[in-house]
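Beneath this line is the structure, given in C-alpha cells, with notes to follow.
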Amino acid sequence: MLSITEEIKNKGRDIGFHKIGIANPHIAYQDNAVSNLQGWLSSGYQADMTWMDNPKRFDITQCMPDIQSVITVALNYYTPHQHSSNSRYGKVSRYAWGKDYHKVLSQKLKLFCKWLNNRGIKTTCYVDTGPIQEKVWAERSGVGWIAKNGNVITKEFGSWVFLGVVLTNLSLTSDTPHAKYCGTCRKCLDICPTKAIVHPFVVDSRRCIAYNTIENRSNDFPEYIKNNLNGWIAGCDLCQDVCPWNKRFSKETNIQDFYPQPGNISLDLKEISNLTEIQWQQKFSSSSLKRIKVKAWRRNAKANL
C-alpha cells in the first residue's frame, strides 16, 4: 500500500506537475534563508518592491499557524523558439511567451488542493503572489537549487520552471534538501551587462534589466540600464541562456498553454512605443505581460529605439 506521502505525490504528477517535493517547516535548515533575506533587504536590493519585506516571508507559520508540511511543485515552460534577429523588434523573456502562468499553474493547484481538501486536509496555495519564499522551499523540498543568478535550477529541466507552493496541516515525509551544483561556474555573473548579480546568489534588482522593464514604474531608466538593454523590452533571459544546465537539460514542455502566443516572442518597437490602452488590452489580456502597463511599455520601447 502506498503511503499518504506517495499517494499525494502521485496525484500531483497525475494533475501534470513536472516536479513535486515536500519540506518540513519546523526543522532548522542550514541555508541561512532568513538572514540572507534580511541582508538583501537592508542593502536595498529589493528596489521599490515593498512587498518583499512582509513579515510573513520570514516565518511561514504566519501564513498557516497549524502548518505541518510545505509542498512545492514545478512546471516546465521551455519551448525551443527564438527571438527575431531583426533590431526593429524588442525581445520578450521566455516565461511570458505563452498564457499567463499564474492562471495555468493556479488551475492545477486548485485541482490538487480540492483533492486534498476532500480528504479532510487543510491547504493554502500560492503562485508567485503571496509572502512565501518559493525558491527557498523549492530547494528545501528537493525540487531544485537556488543558483548564483537567483533562479531555481532543476536537474531535469534547468531553470525554465514555474513554482507553486501548497501549505498543509498534514505531516508528510520530507524530501532531502537539494544540494547546489553551480560549482565554480560564473557564466551568469559574467554575462550580465549591468552587473546585477553583485556576487554569487545575490541580485540587485535596481541593476536588473528584468526588474526595470517589468516592475520599475518610473518615467525613465537609469543610464546604466538604458545603455545595456540590447533589445530587451520585457524581462531578460541572458543569465539563463548561458547557464550550462539550461544548455544541456532544457526540455520542450508538454503544456500547450506555454507555447508562444502570436507575436509574443518579439515585439515591433515602433508599434509598442505608440501602444494604446485598447491595443494593450487586446494584446496582453491573457498574458503575464499585462503586468507591464501601457506607459511602461512605451518607455521600454523608446529606450530601445
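Note that Cβ sites are derived from N, Cα and C of the backbone, with glycine treated the same way.
According to Swiss-Prot, the protein has these features:
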ACT_SITE  Asp128  active site, proton donor
DOMAIN    170-202  domain '4Fe-4S ferredoxin-type'
BINDING   Cys182, Cys185, Cys188, Cys243  [4Fe-4S] cluster 1 binding site
BINDING   Cys192, Cys208, Cys236, Cys239  [4Fe-4S] cluster 2 binding site
Residue counts in helix (H, G, I), strand (E, B) and coil for the domain '4Fe-4S ferredoxin-type' (170-202), per DSSP?
5 helix, 4 strand, 24 coil
If you count Cβ atoms within 10 Å of the Cβ of Asp128 (active site, proton donor), leaving out that atom itself, what do you get?
15
State the mean pLDDT for the domain '4Fe-4S ferredoxin-type' (170-202).
98
If you count other Cβ atoms within 10 Å of each one's Cβ, which of the binding-site residues Cys192, Cys208 has the most?
Cys208
Give me the count of other Cβ atoms within 10 A of the Cβ belonging to Cys182 ([4Fe-4S] cluster 1 binding site).
19
